[in-house]
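Novice: Pasting the relevant annotations from TrEMBL:
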type	residues	note
BINDING	GLN105, PHE106, ILE107, ASP159	(6R)-10-formyltetrahydrofolate binding site
ACT_SITE	HIS123	active site, proton donor
SITE	ASP159	site 'Essential for catalytic activity'
DOMAIN	334-411	domain 'Carrier'
BINDING	587-589, 613-616, 646-651, 666-667, LYS773, 820-822	NADP(+) binding site
ACT_SITE	GLU689	active site, proton acceptor
ACT_SITE	GLU689	active site
ACT_SITE	CYS723	active site, proton donor
Amino acid sequence: NQALRRFSTGRVYFKNKLKLALIGQSLFGQEVYSHLRKEGHRVVGVFTVPDKDGKADPLALAAEKDGTPVFKLPKWRVKGKTIKEVAEAYRSVGADLNVLPFCTQFIPMDIIDSPKHGSIIYHPSILPRHRGASAINWTLIMGDKKAGFSVFWADDGLDTGPILLQRSCDVEPNDTVDALYNRFLFPEGIKAMVEAVQLIADGKAPRIPQPEEGATYEGIQKKENAEISWDQSAEVLHNWIRGHDKVPGAWTEINGQMVTFYGSTLLNSSVPPGEPLEIKGAKKPGLVTKNGLVLFGNDGKALMVRNLQFEDGKMIPASQYFSAGETSVVELTAEEVKVAETIKVIWAGILSNVPIIEDSTDFFKSGASSMDVARLVEEIRQKCGGLQLQNEDVYMATKFEDFIQKVVRKLRGEDQETELVVDYVSKEVNEMMVKMPYQCFINGQFTNADDGKTYDTINPTDGSTICKVSYASLADVDKAVAAAKDAFENGEWGRMNARERGRLMYRLADLLEENQEELATIEALDSGAVYTLALKTHIGMSVQTFRYFAGWCDKIQGSTIPINQARPNRNLTFTKKEPLGVCAIIIPWNYPLMMLAWKSAACLAAGNTLVLKPAQVTPLTALKFAELSVKAGFPKGVINIIPGSGGIAGQRLSEHPDIRKLGFTGSTPIGKQIMKSCAVSNLKKVSLELGGKSPLIIFNDCELDKAVRMGMGAVFFNKGENCIAAGRLFVEESIHDEFVTRVVEEIKKMKIGDPLDRSTDHGPQNHKAHLEKLLQYCETGVKEGATLVYGGRQVQRPGFFMEPTVFTDVEDHMYLAKEESFGPIMVISKFQNGDIDGVLQRANNTEYGLASGVFTRDINKAMYVSEKLEAGTVFINTYNKTDVAAPFGGVKQSGFGKDLGEEALNEYLKTKTVTLEY
């Protein structure tokens with residue numbers, strides 16, 4: 001029976017599988033080959049190109065390793081006729097189907113039609129548009145909004161055969177050929193080729209004739225055809241440049257020589273200052289700026305290119321155009337000579353066709369490809385003490401001598417940017433010029449998102465757009481994590497002593513304080529926080545937090561432990577507190593900078609590096625913080641800030657295998673999802689500060705004036721967008737009505753308005769979706785029978801303002817009694833006089849346990865209640881009184897782990913036990 005089952009399983013696996021001939025080349029061909037074999041298809045032959053400069057094509061290498069017959073054919077026909085020996089070699093394999101994933105050779109029609117099922121071809125455009133060999137280039141050159149690929153049945157035309165399947169994707173504003181290929185055309189194309197083969201095997205493959213409507217054919221783009229025509233809009237110029245990046249390269253004439261442009265992006269912000277550069281044919285000179293070369297279209301709009309390449313092949317950052325050639329040759333030390341010799345061996349291994357690597361040996365002219373660039377960078381990292389180069393370093397120093405000079409300068413730290421380049425969005429507001437970074441901050445530099453995506457961040461005071469912010473992609477998250485990992489494992493931060501680490505944190509606290517007015521203004525613009533509150537709490541407590549944890553840096557200690565001795569020898573056992581490594585921090589939108597400080601200060605004090613994702617709706621103070629961290633002297637890679645969505649950037653952080661700890665503040669449902677992802681990925685350590693429904697019990701023996709004042713603060717502080725806000729007030733029956741009356745009287749005195757107005761008490765809710773949720777919350781309360789005493793409506797003015805709201809007669813089964821509003825909504829329930837245990841039972845009847853409070857003059861009652869309340873924090877005759885030295889965190893479904901205080905350090909440390917014998 002077991003044998004029968006094994007046999008049956010095998011038959012099912014190989015049912016509807018084909019014998020395939022793969023015709024083509026490249027890494028794409030190799031991946032298609034490997035995936036088809038994994039799916040059970042049998043590749044009976046691979047027909048590819050001859051070795052180039054002694055190096056086999058990746059498809060040939062993979063097939064030869066598997067023992068698949070490989071035929072390396074210079075050509076298939078002579079004078080229009082198929083070469084007899086080639087045809088015989090092909091027919092000898094007996095294929096059912098020809099698969100052409102990527103093929104630069106012309107395959108005769110008798111070969112195409114020979115198999116039972118014919119031939120299918122991959123083409124990187126949505127046919128019939130962009131027939132021809134440079135389809136991806138033309139997709140970008142023509143400014144198409146959609147890109148994609150087609151798998152079609154080969155016929156005797158040029159990319160005109162019937163369609164089998166097609167897939168499409170959006171073209172992002174700053175996509176290049178490489179970006180589009182790597183993000184979609186390559187990975188999805190592999191899947192589609194495998195799917196197409198299986199459809200044929202199952203007899204389900206369609207043959208859809210190509211329409212002629214919309215058909216275009218463009219030839220191969222060559223260097224002589226790639227000259228830039230300047231009398232066009234900025235977008236058209238950008239499309240032309242990115243459509244030719246990296247091959248063949250769009251070029252123009254500058255100072256009598258051909259200069260090729262790479263790395264184009266549309267410039268959406270103000271044009272930075274720079275030095276003019278005359279360009280032949282351009283009506284307006286370009287500008288060499290710190291960020292790159294700014295170019296202008298005939299519509300007055302601008303674009304920027306990052307790199308320039310000269311006729312001799314040398315590539316430089318465009319920002320260095322006027323200083324190119326000024327760098328002198330450096331003499332190598334004995335240690336650097338050893339590094340150079342190691343790198344020479346690496347070059348020789350890659351350029352196996354070159355007998356001797358000389359100073360003049362050019363990496364690319366010797367046959368290296370883009371795949372070899374990645375290999376070179378990785379081998380140098382592994383064999384040269386973790387030296388981290390970028391791909392661009394290879395492109396900018398292609399000759400061995402120049403490359404070694406670049407490596408040595410990087411080793412000496414001379415290759416670093418002397419000044420942080422920040423492309424601000426500036427606004428004249430609050431009687432000051434506010435300068436706001438808006439790009440991702442990765443490895444010590446502000447940079448656009450990898451795919452060029454941005455999103456609008458909104459001012460909740462009037463609903464206007466403050467600016468466009470980079471929308472971090474998965475690639476950006478991976479870059480940030482890689483930078484943080486390298487900084488921890490190989491960088492200066494990992495070697496820095498604890499006292500020096502503290503000095504940097506003190507300096508950062510000083511800079512936060514020096515820039516507190518600007519930070520508070522940005523916080524008011526981006527989150528709607530009242531300026532005076534932002535200045536005192538949002539920014540003020542952030543400064544205090546960094547100073548507090550700066551003082552802890554050199555006081556993190558282990559302990560010695562007496563153990564049983566291994567007689568006759570003796571033992572010493574001690575513990576060490578060590579940093580975890582790369583930590584991820586995901587913060588909410590209610591206190592953008594303060595939540596950053598609460599988590600990142602402890603993280604950095606412990607010696608970790610971090611990747612922080614601010615809330616999507618409030619990214620601006622986090623990015624300003626990144627700028628200040630560079631001014632404070634933090635090494636690159638230690639702090640990385642990636643604005644974007646939780647679903648993309650946040651989820652990737654929770655899944656990333658190189659992250660060892662994730663700290664999160666946000667909702668309970670998202671916290672659960674993060675905890676699950678952290679467990680499934682690599683069991684990373686987690687701390688969670690989640691939702692709350694904090695009870696506040698007000699007894700009739702309280703100081704009523706104080707209870708009213710602080711009870712209002714417990715609910716309405718920071719517009720109710722406060723994680724420890726009193727979600728439910730229990731007021732003793734004998735004082736209930738008077739308490740409610742006084743609260744309403746005080747609410748009527750509150751000024752609702754512009755958060756930058758110093759007399760404003762109550763600003764706008766953080767964002768539109770949250771306001772709508774609060775209004776729905778109030779509607780639900782009314783429907784369930786709670787009494788709406790005051791408010792419950794949106795304020796009739798621009799922006800996202802809501803009236804402070806009071807509900808009474810809230811019974812325990814109601815939605816308002818169970819769920820957090822996270823807004824300016826006071827939910828009041830009365831309890832019978834003297835029923836202490838009864839009200840405690842009701843207060844604890846929740847799955848949340850973040851904070852709680854009690855007002856009474858009776859100290860015995862207060863202590864009894866504080867012992868019985870199930871919460872991480874209990875306030876007695878006060879509320880919202882947090883301090884940087886006091887640990888903060890919840891219980892039950894409000895999470896676990898602590899922010900602030902010494903306990904917060906333990907969230908970012910691991911304990912190592914060491915035992916020695918002597």
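FYI, residue positions are counted from 1 along the chain as it appears here.
Backbone N, Cα and C define each Cβ position, glycine as well.
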Novice: Could you give the Cα-Cα distance between ILE587 (NADP(+) binding site) and GLU689 (active site, proton acceptor), in whole Å?
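Specialist: With distance taken Cα to Cα, GLU689 (active site, proton acceptor) is 10 Å from ILE587 (NADP(+) binding site).
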Novice: Which ones, of the recorded positions LYS613, GLN651, GLU689, LYS773, have a Cα no more than 10 Å from the Cα of ASP159 ((6R)-10-formyltetrahydrofolate binding site)?
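Specialist: Taking LYS613, GLN651, GLU689, LYS773 one by one, none has a Cα falling within 10 Å of ASP159 ((6R)-10-formyltetrahydrofolate binding site).
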Novice: Work out, from DSSP, the number of helix, strand and coil residues along the domain 'Carrier' (334-411).
Specialist: 49 helix, 2 strand, 27 coil
Novice: Cα-Cα separation of PHE106 ((6R)-10-formyltetrahydrofolate binding site) and HIS123 (active site, proton donor), in Å?
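Specialist: Per the Cα atoms, PHE106 ((6R)-10-formyltetrahydrofolate binding site) and HIS123 (active site, proton donor) stand 15 Å apart.
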Novice: Quick one: give me the count of other CB atoms within 10 A of the CB of CYS723 (active site, proton donor).
Specialist: 23
Novice: Tell me the Cα distance separating PHE822 (NADP(+) binding site) from ILE107 ((6R)-10-formyltetrahydrofolate binding site), rounded to the nearest angstrom.
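Specialist: Here the two Cα atoms lie 67 Å apart.
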Novice: How long is the line from the C-alpha of GLN651 (NADP(+) binding site) to the C-alpha of GLN105 ((6R)-10-formyltetrahydrofolate binding site), rounded to the nearest angstrom?
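Specialist: GLN651 (NADP(+) binding site) and GLN105 ((6R)-10-formyltetrahydrofolate binding site) have their Cα atoms 43 Å apart.
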Novice: Restricting attention to the domain 'Carrier' (334-411), give the mean pLDDT.
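Specialist: Value for the domain 'Carrier' (334-411), mean pLDDT as a whole number: 85.
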Novice: Which are the residues of the chain, GLN105, PHE106, ILE107, ASP159 excluded, whose CB is within 8 A of where the CB atoms of the (6R)-10-formyltetrahydrofolate site average out, their centroid?
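Specialist: For the (6R)-10-formyltetrahydrofolate site, the extra neighbours are LEU100, CYS103, THR104.
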Novice: Check the Cα-Cα distances from LYS613 (NADP(+) binding site) to the recorded positions GLN105, HIS123, GLU689, CYS723 and tell me which is shortest.
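Specialist: Minimum Cα distance from LYS613 (NADP(+) binding site) across GLN105, HIS123, GLU689, CYS723 lands on GLU689.
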Novice: Based on Cα distances to CYS723 (active site, proton donor), point out the closest of the recorded positions HIS123, GLN616, ILE648, LYS773, PHE822.
Specialist: PHE822
Novice: Please report the Cα separation of HIS123 (active site, proton donor) and GLN105 ((6R)-10-formyltetrahydrofolate binding site) in Å, rounded to an integer.
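Specialist: The Cα atom of HIS123 (active site, proton donor) is 14 Å away from the Cα atom of GLN105 ((6R)-10-formyltetrahydrofolate binding site).
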Novice: Given the binding-site residues GLN105, GLN616, which one is most crowded in terms of C-beta atoms within 10 angstroms?
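Specialist: Checking each of GLN105, GLN616, the winner is GLN616.
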Novice: I need the nearest neighbour of GLU689 (active site, proton acceptor) among the binding-site residues GLN105, GLN616, ILE648, LYS773, PHE822, using C-alpha distances.
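Specialist: With Cα distances computed to GLU689 (active site, proton acceptor), the winner among GLN105, GLN616, ILE648, LYS773, PHE822 is PHE822.
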Novice: Using other CB atoms within 10 angstroms as the count, which residue among the binding-site residues PHE106, ASP159, ILE587, LYS773 scores least?
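Specialist: Counting other Cβ atoms within 10 Å of each of the binding-site residues PHE106, ASP159, ILE587, LYS773, the minimum falls on PHE106.
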